[in-house]
Amino acid sequence: MDYILIGVILGIVQGISEWIPISSKTQVLIVSSSLLGLSFSVAYSFGLFMEIGTIAAAIIYFRREISGLLKALVRMSSRREDYLLLKFLVIVTIITGLMGVPLYLFVISLPILGLPMTVLGVVLLTDGIIIYLSRKNYISRKGLHDLRLRDIIIVGIAQGLAALPGVSRSGITTSALILLGVKPEEAFKLSFISLIPAALGAIGVTVLFSKHEVSQAVHSVSLSGLLISIVVATFVSIFFINALLRFARTNKVVVLVIILGIIAIISGILSGIAKGFY
């Protein structure tokens, strides 16, 4: 198959799956394994590296919030919200790193341990059930200023679990925030902004510990194919961020969250029965 077409396909898969409750890592892993024949560890590392496009999209879409964060970082902001968001991101990112790095090192050793690939489908299905239950029972009342240290730590732990293949980062962090009583629109927004430092850290860890796998993945898809996939992922991501946040502002948010929960459950079932993958 043409590498440019592969790049476009991977970019679309990454751009869509990052923001809805299906694991983008797992979807890219499945597609890249099917189209390129990559091994588990190489495909998994490639999936993390693909997040460059979604990081770019989040920075572009939330540029005002990023500007406020930078001002708060050097104590030049006059807005309390900027300092609260900075505190939130710092704590969440630290907890995510403490959870995520050991999990990542464990995951890339899975083929060595001989664990079956069916674990991906099981984890995805469990993730989907958690997402569905959390959205069914939430009471939306909180904003960023209402979150306590304990709440922020819980969000960090949830995001750290997303290092596991099959676990949706946006799905599990949004679910955690909604379970804590955060308003849906605020929960989506905080989850999406939290992606930026978490994904940057994930890419850094991937390059540090999996240089060979990343190099092999880039060679398999070609540098031009990789760049195309990142650009496509960026544009698709911007569209989906905007669509989800706009929908979350409406009184039809229950429809949105139920649909996202169903998508996660179906994704888990399909991954679990994809016999050609494992």
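The backbone N, Cα and C atoms fix where each Cβ goes, glycine too.
Per Swiss-Prot, the features are as follows:
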TRANSMEM  3-23  transmembrane segment
TRANSMEM  42-62  transmembrane segment
TRANSMEM  88-108  transmembrane segment
TRANSMEM  112-132  transmembrane segment
TRANSMEM  152-172  transmembrane segment
TRANSMEM  190-210  transmembrane segment
TRANSMEM  225-245  transmembrane segment
TRANSMEM  253-273  transmembrane segment
When counting Cβ pairs under 8 Å to the transmembrane segment (225-245), the leader among 42-62, 88-108, 190-210: 42-62
For the transmembrane segment (88-108): best-contacting stretch of 3-23, 42-62, 152-172, 190-210, by Cβ pairs under 8 Å: 152-172
